[in-house]
Amino acid sequence: SFILASIPGLEAAQSWMAIPLCSAYILAVTGNGAVLLVVRGEPSLHAPMYFFLCMLATIDLALATATVPRILCFYWFGSREIGFGACLLQMFLIHALSAIESTVLLAMAVDRYVAICHPLRHAAVLTNAATAKIGLLAVARGVLFFLPLPLLLLPLPFCGSRVLSHSFCLHQDVMNLACANTTPSVVYGLTAILLVMGLDAVLICLSYILILKAVLRLAAWRERLKVFSTCVAHICAVLAFYVPLIGLSVVHRFGKDLAPLVHIIMGNVYVLVPAVLNPIIYGVRTKQIHRRIL
C-alpha cells in the first residue's frame with residue numbers, strides 16, 4: 001500500500017481543512033448535476049453544443065468523485081493508506097478522464113469553428129449522430145492511451161518510501177517511488193501526454209486563430225464582439241482545464257524543493273477547479289441554461 005500525503009505540522013487541522021474541500025465537491029456535484037438535468041429536460045437544448053456540455057459535466061463529476069471522497073476519508077477519519085490496486089485504478093481514472101475531457105474540449109472548439117466560419121454547413125457536419133461518435137472516440141482515446149500507465153507500473157518493485165506527494169495517486173508520483181528502472185514509464189507517460197493533451201492544445205489554438213481571422217473580416221465592431229462572445233464560455237473552460245494541468249506538471253518537474261503544501265494544493269486545484277468552474281461559466285454565459293436553472 002501507499003501512504004497519502006499529509007501537511008507537515010498541520011495534521012491536527014486537516015479535519016477543518018477538509019470543510020472547504022467538501023464544500024467545493026458539493027458545489028461541483030450540484031452544478032454539474034443541474035446542467036445535466038436542464039439539458040435532459042429541455043428539448044430545445046438537444047443539440048451538439050449542449051451534448052458536448054453534458055459530456056464535460058459527466059467527466060468532471062467522475063473525476064471529482066474518483067478523488068475527493070477518498071481525500072475526505074483521509075482528512076476526517078485518518079485513513080492514510082491506499083492499496084496498490086486501488087491506487088493504480090485511481091491513477092488510471094484520473095489520467096484517462098483528463099484525456100477524455102481534453103478531447104471533448106477540442107471537439108467543442110471545432111464546433112465553434114464550424115458554427116462561425118462555415119455556419120451553413122454546421123447542421124450537416126455536427127449532427128447528433130456525429131456528436132455521439134465523437135463522445136465514443138473520446139472515451140476510446142483516453143482509455144487506450146492511458147491504460148498502459150498502470151500496466152507498466154504493475155511489475156515494478158516498491159522497496160523504499162511509500163509516501164506520495166499528493167492526497168491521491170498520479171502516475172509520476174507513484175513512478176518516482178519505484179526502486180527499479182522506470183525509463184519505459186517515463187517515455188510512455190510523456191509521449192501519451194504530448195499526443196493527447198499537447199496535440200489537443202495546439203489544435204484548439206489553431207481553431208481559435210481561424211475563428212479570429214473570420215471574426216476580423218466582419219465590418220462592424222459590434223458584430224465582431226457578438227460573434228466572438230459565443231466563444232467566451234469555451235475559452236474559460238479551456239483555461240480552467242489547462243492552467244491547473246500545466247501548473248501541476250511544472251510543480252512535478254521543477255518543484256522538488258517546494259513545500260509539501262504546494263503539491264497538495266496544486267493537486268486539489270487540478271481535480272476540482274474545472275468541475276466547480278465549468279457549470280458556473282456555462283450557467284452564466286448560456287442564456288438558455290441560465291433561464292432554465294433559475
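The backbone N, Cα and C atoms fix where each Cβ goes, and this holds for glycine too.
Keep in mind that TrEMBL annotations are predicted by a computer and have not been checked by a curator.
Copied over from TrEMBL, here are the features:
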{"type": "DOMAIN", "residues": "31-282", "note": "domain 'G-protein coupled receptors family 1 profile'"}
{"type": "TRANSMEM", "residues": "16-38", "note": "transmembrane segment"}
{"type": "TRANSMEM", "residues": "50-77", "note": "transmembrane segment"}
{"type": "TRANSMEM", "residues": "83-110", "note": "transmembrane segment"}
{"type": "TRANSMEM", "residues": "122-147", "note": "transmembrane segment"}
{"type": "TRANSMEM", "residues": "186-211", "note": "transmembrane segment"}
{"type": "TRANSMEM", "residues": "232-255", "note": "transmembrane segment"}
{"type": "TRANSMEM", "residues": "261-284", "note": "transmembrane segment"}
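Between the transmembrane segment (50-77) and the transmembrane segment (186-211) there are fewer than 3 Cβ pairs closer than 8 Å, counting only pairs 6 or more residues apart in sequence, which means the two stretches are not in contact.
Mean pLDDT across the domain 'G-protein coupled receptors family 1 profile' (31-282) comes to 89 in this model.
Across 16-38, 122-147, 261-284, stretch 261-284 shows the highest tally of CB pairs under 8 A with the transmembrane segment (232-255).
If you look at the transmembrane segment (16-38), the same-chain residues 6 or more away from its ends with a CB under 8 A from one of its CBs are 7, 10, 45, 53-54, 57-58, 60-61, 64-65, 68-69, 71-72, 75-76, 268, 272, 275-276, 278-280, 282-283, 289, 292-293.
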